[in-house]
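Read through the structure below, which is laid out as structure tokens, and then see the notes.
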């Protein structure tokens with residue numbers, strides 16, 4: 001177990017014994033079979049995508065096609081930001097002709113993007129949200145990318161990607177990249193959760209924290225209380241509870257990755273419940289909530305839709321949505337207890 005202190009890398013270590021992301025992944029893979037060694041190269045490509053996106057974001061306001069909307073809507077019916085398009089294309093570009101992945105599936109695309117020349121040898125699928133919280137770009141707040149890796153289980157000759165419609169325990173790796181004051185990559189391949197900070201002078205992600213453990217309980221509750229009257233009564237009951245009791249503080253940035261990173265480091269709970277308008281929630285299971293659930297569970301936390309463990313949910317379509325309750329074990333259980341209690345009272 002490690003204490004979740006702020007990231008700090010001694011200056012002298014950068015010259016001598018720093019651990020880069022690629023080196024760390026290779027060390028993690030020593031206990032894996034030889035078939036899994038491609039994960040190191042895949043993680044390096046994800047890191048490259050993160051570097052390219054971070055560079056673009058650093059020039060927001062100084063160059064065209066970074067801020068604002070494209071005027072189009074995506075498969076979710078949402079207005080598309082210019083950075084959404086750029087980031088999605090970056091992920092596709094860095095994996096083309098890599099021989100590593102056969103498919104890329106993104107919340108920005110109706111169907112997976114196939115790379116035929118990779119398919120004979122690329123045994124993996126990359127699932128990702130290229131830019132989470134893209135509305136924050138125009139006001140210079142943090143945004144992020146979310147990713148997960150799954151092993152392809154059939155030839156998918158009809159292009160329907162049915163093998164992706166399985167629970168989140170089929171993920172073999174997951175993580176996120178947070179673009180803020182520094183660019184941070186957090187990942188897990190099922191051997192703990194590890195964080196890396198991008199050193200711009202080296203162009204490398206450097207290990208900052210290893211084997212991160214989320215506190216069992218934390219002071220943070222993170223949710224958009226502007227939706228209060230659209231929530232189920234159980235979630236309103238929970239919100240009233242934290243308002244009445246000392247020791248809780250609200251933090252919400254509008255970027256899922258930023259809020260989850262705070263919860264991971266400081267403890268607490270993030271909630272994105274269903275609403276009257278969207279009872280199934282807004283967040284996508286295979287691109288957002290399942291990858292984050294994989295990561296948080298690896299850190300000793302808990303994630304559910306309020307009733308069912310998120311990693312046990314089987315979607316019936318690629319863009320399946322789900323509510324999200326995620327964070328410290330005690331805090332997630334508290335939210336779940338309000339939901340269970342309300343359901344019990346409704347049945348009586």
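Yeah, the Cβs are placed from backbone N, Cα and C, and that goes for glycine too.
Cβ contacts within 10 Å of residue 129 (Mg(2+) 1 binding site), excluding its own Cβ and spanning all protein chains shown: 28. For 107, 129, 131, the entry in Swiss-Prot reads Mg(2+) 1 binding site.
Shown in sequence order, 107, 129, 132, 146, 256, 324 are the residues of the chain, 6+ apart in sequence, with a C-beta less than 8 angstroms from the C-beta of residue 288 (Mg(2+) 2 binding site). As annotated by Swiss-Prot, Mg(2+) 2 binding site applies to 129, 132, 288, with the evidence given as sequence analysis.
Residue 224 (substrate binding site) counts 15 other C-beta atoms within 10 Å of its own C-beta, drawing on all protein chains shown. In three-state terms derived from DSSP, residue 224 (substrate binding site) belongs to neither a helical nor a strand segment and is classed as coil. For 132, 133, 134, 135, 224, 252, 282, the entry in Swiss-Prot reads substrate binding site.
Of all Cβ atoms in the shown protein chains, 17 besides its own fall within 10 Å of the Cβ of residue 252 (substrate binding site). Rounded to the nearest whole angstrom, the C-alpha distance between residue 224 (substrate binding site) and residue 131 (Mg(2+) 1 binding site) is 19. Highlighted in sequence order, 107, 128, 144, 145, 146, 256, 257, 283, 284, 287 have their Cβ within 8 Å of the centre of the Cβ atoms of 129, 132, 288, the residues recorded for Mg(2+) 2, and are not part of that set. Each residue contributes its Cα atom, and for residue 282 (substrate binding site) and residue 131 (Mg(2+) 1 binding site) those atoms are 15 Å apart. If you count neighbouring Cβ atoms within 10 Å for each of the binding-site residues 134, 135, the highest count belongs to 134.
Apart from 107, 129, 131, the Mg(2+) 1 site neighbourhood in this chain, defined by C-beta within 8 angstroms of the site C-beta centre, holds 84, 87, 88, 106, 108, 128, 130, 132, 134, 145, 146, 287, 288.
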